[in-house]
Amino acid sequence: QCQLNGLWRNDLGSLMEISVLRDNGDFQGQYLTRVTLSGDCAQISPLKGAQQQLGEEGWPTFAFTVHWDKFSNATTAFVGQCFVDAGGKETLTTMWLLREAVGSLEEDWKATR
């Protein structure tokens, strides 16, 4: 069974720590990104999410948001699934959408990546 709590590293060197995983699937933690929109140094930002509750078998799906605290005016939503290979290695696969604040409705087209 895949466990979301713990420390995760992605291909770009960013770190995610899920420190609280509640019985109902809600979780929270922090995200240290190595990639920033502004080019600033990486900083820790809070994350909150939920995991689909499964029985003993299966690979849970999950979703979480990161509020890029103190260095960006953007929020990112991630969705994904957790897998365990034959050797016991846990892997998270995710997709994300980043929403950056813009100054007007006319600029809305460039706000989501």
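Positions of Cβ are set from backbone N, Cα and C atoms, glycine also.
Given the structure is predicted, the values throughout are model-derived calculations rather than measurements.
Counting only residues at least six positions away in the same chain, the Cβ atoms of Cys2, Gln3, Leu4, Trp59, Pro60, Thr61, Phe62, Glu90, Thr91, Leu92 sit under 8 Å from the Cβ of Cys82 (disulfide bond). Feature annotation from TrEMBL assigns disulfide bond to Cys2-Cys82.
The 10 Å shell around the Cβ of Cys2 (disulfide bond) contains 16 further Cβ atoms across the protein chains shown.
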